[in-house]
Amino acid sequence: MHFSSSSTSSTWTILITLGCLMLHASLSAAQLTPTFYDRSCPNVTNIVRETIVNELRSDPRIAASILRLHFHDCFVNGCDASILLDNTTSFRTEKDAFGNANSARGFPVIDRMKAAVERACPRTVSCADMLTIAAQQSVTLAGGPSWRVPLGRRDSLQAFLELANANLPAPFFTLPQLKASFRNVGLDRPSDLVALSGGHTFGKNQCQFILDRLYNFSNTGLPDPTLNTTYLQTLRGLCPLNGNRSALVDFDLRTPTVFDNKYYVNLKERKGLIQSDQELFSSPNATDTIPLVRAYADGTQTFFNAFVEAMNRMGNITPTTGTQGQIRLNCRVVNSNSLLHDVVDIVDFVSSM
């Protein structure tokens with residue numbers, strides 16, 4: 001759409017007039033709250049939950065996949081739904097980052113979820129908040145804890161491929177590298193790292209990310225010595241050296257679709273699937289993580305409590321709030337004519353205060 005000079009002038013007049021209100025709104029919105037949509041979209045959690053329930057009937061992996069999307073979103077410029085954006089002429093998608101390419105999944109489900117939310121509450125719920133709710137609901141539906149997530153985020157105006165490559169933890173990370181990765185985004189407690197790693201209690205991973213552990217760890221020509229020998233043989237059967245590198249393996253062979261504490265039981269038995277998992281218990285630097293692994297393995301509720309706290313801390317990494325960003329209508333693309341959309345968003349936001 002073409003804007004005349006008078007149209008553009010009017011738009012800027014609106015923005016200037018709202019200047020003081022915008023500042024007040026931005027300051028007021030800095031604190032996320034579970035009640036953010038209680039009046040404007042009270043059924044958003046039910047809509048999100050129903051979408052996931054329907055998808056689980058045909059795709060038991062989707063709960064773990066959605067949780068992973070949220071994690072990978074929050075580690076890159078905060079939880080701003082930047083991971084959901086497709087390529088444009090202005091930026092490259094985070095979907096092409098090393099930690100996401102050919103492994104991040106669930107985007108069509110997010111599309112259907114957003115369409116359902118928009119039908120119920122037009123221009124109200126951000127993709128960032130919707131993905132946060134979806135992650136929580138995915139955990140709960142898989143047998144994990146239930147909690148109300150703090151809300152009030154807005155969506156980014158771009159993706160951050162380079163930042164994704166720099167920030168996302170890799171499956172071959174050592175414990176010092178893992179700690180540095182978490183610390184880099186403000187998650188500096190050992191419990192943040194150990195509890196959030198428990199997200200690997202369900203879901204699957206590709207053989208290509210564990211082949212070195214199984215056959216040529218650190219270029220030694222030998223397997224990772226921290227691997228349980230029986231588990232090693234099981235994994236070699238699932239991932240032959242010259243087999244399908246994209247073949248999938250359960251993170252937790254005990255209860256692969258259930259969100260429970262068996263991940264930590266596995267670590268104690270040296271049955272962590274990827275190196276970065278087993279590092280929490282087997283690294284020489286694990287003096288502050290081993291006690292947490294033991295505690296979570298011994299007590300499901302202890303793990304659940306720590307996981308909820310860590311999820312909320314991760315969800316609060318540099319949130320985009322107030323009049324920053326926008327509320328995308330389609331999670332894959334920045335709103336067209338975003339200036340006018342943002343003006344409407346500001347008016348709606350201020351009027352709701």
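We count from 1, first residue shown onward.
Here the Cβ of each residue, glycine as well, is placed from N, Cα and C on the backbone.
Under the heading signal peptide, Swiss-Prot lists 1-30, citing sequence analysis as support.
Feature annotation from Swiss-Prot assigns disulfide bond to C41-C121 (among others); the stated evidence is sequence analysis. Residues within less than 8 Å, Cβ to Cβ, of C121 (disulfide bond) and separated from it by at least 6 positions along the same chain comprise Y37, S40, C41, N43, V44. According to DSSP, C121 (disulfide bond) is assigned to coil rather than to any helix or strand.
Among the features that Swiss-Prot reports, N-linked glycosylation site is placed at N43 (among others), with the record citing sequence analysis. DSSP assigns N43 (N-linked glycosylation site) to coil in the three-state reduction, outside any helix or strand.
Summarising the annotation, Swiss-Prot assigns site 'Transition state stabilizer' to R68 and lists sequence analysis as the type of evidence. Secondary structure from DSSP puts R68 (site 'Transition state stabilizer') in a helix.
Taking a C-beta cut-off of under 8 angstroms and a sequence separation of 6 or more, H72 (active site, proton acceptor) has the following same-chain neighbours: I83, E94, G99, N100, A104, A164, L168. As annotated by Swiss-Prot, active site, proton acceptor applies to H72.
The Ca(2+) 1 binding site annotation in Swiss-Prot covers D73, V76, G78, D80, S82, and the record cites sequence analysis as its basis. Around D73 (Ca(2+) 1 binding site), taking its Cβ as the centre, 28 other Cβ atoms fall within 10 Å, counting all chains.
According to its DSSP assignment, C79 (disulfide bond) is coil. Remark: C79 (disulfide bond) has H70, D73, A128, L131, T132, R153, M314, G315, I317, P319 as non-local neighbours, by Cβ distance under 8 Å and separation of at least 6 in sequence. Taken from Swiss-Prot, the feature disulfide bond covers C74-C79 (among others), and the record attributes it to sequence analysis.
Within the same chain, residues at least six positions away from N87 (N-linked glycosylation site) with a Cβ under 8 Å of its Cβ are T93, D96. Look at N87 (N-linked glycosylation site): DSSP puts it in coil. The N-linked glycosylation site annotation in Swiss-Prot covers N87 (among others).
Here Swiss-Prot flags C127-C331 (among others) as disulfide bond, drawing on sequence analysis. DSSP gives C331 (disulfide bond) a coil state; it is part of no helix or strand.
Taking a C-beta cut-off of under 8 angstroms and a sequence separation of 6 or more, P169 (substrate binding site) has the following same-chain neighbours: F75, G99, Q177, L178, S181, F182, S276. Reduced to three states, the DSSP call for P169 (substrate binding site) is coil. According to Swiss-Prot, the feature substrate binding site maps to P169.
Neighbour count (other Cβ atoms within 10 Å of the Cβ, all protein chains): 24 for H200 (heme b binding site). In this structure, H200 (heme b binding site) is part of a helix by DSSP. Feature annotation from Swiss-Prot assigns heme b binding site to H200; the stated evidence is sequence analysis.
If you look up Swiss-Prot, you'll see T201, D252, T255, D260 marked as Ca(2+) 2 binding site. Reduced to three states, the DSSP call for D260 (Ca(2+) 2 binding site) is coil.
According to Swiss-Prot, the feature disulfide bond maps to C207-C239 (among others). Around C207 (disulfide bond), the same-chain residues at least 6 positions away in sequence with a Cβ under 8 Å from its Cβ are L238, C239, G243, N244, R245, S246, A247, L248, V249. According to its DSSP assignment, C207 (disulfide bond) is helical.
Summarising the annotation, Swiss-Prot assigns N-linked glycosylation site to N216 (among others) and lists sequence analysis as the type of evidence. Mapped onto three states, the DSSP output places N216 (N-linked glycosylation site) in coil.
Annotation comment: Swiss-Prot describes N228 (among others) as N-linked glycosylation site. N228 (N-linked glycosylation site) falls outside any helix or strand according to DSSP and counts as coil.
What Swiss-Prot lists as N-linked glycosylation site is N244 (among others). Cβ neighbour count for N244 (N-linked glycosylation site) (all protein chains, 10 Å cutoff from its Cβ): 11.
In terms of Cα spacing, the recorded positions D80, S82, C127, H200, T255 that come within 10 Å of C74 (disulfide bond) are D80, S82. Within 8 Å of the Cβ centroid of the Ca(2+) 1 site, not counting the listed residues D73, V76, G78, D80, S82, the chain contributes C74, F75, N77, C79, A81, I83, E94, A128, S156, F160. For C331 (disulfide bond), the nearest of the recorded positions by C-alpha distance turns out to be V76; the candidates were V76, H200, T201, N216. Put simply, T201 is the one of the binding-site residues V76, T201, D260 whose Cα lies nearest to the Cα of N285 (N-linked glycosylation site). It is 9 Å from the Cα atom of R68 (site 'Transition state stabilizer') to that of H200 (heme b binding site). Under the DSSP three-state reduction, T255 (Ca(2+) 2 binding site) is assigned to coil, being neither helix nor strand.
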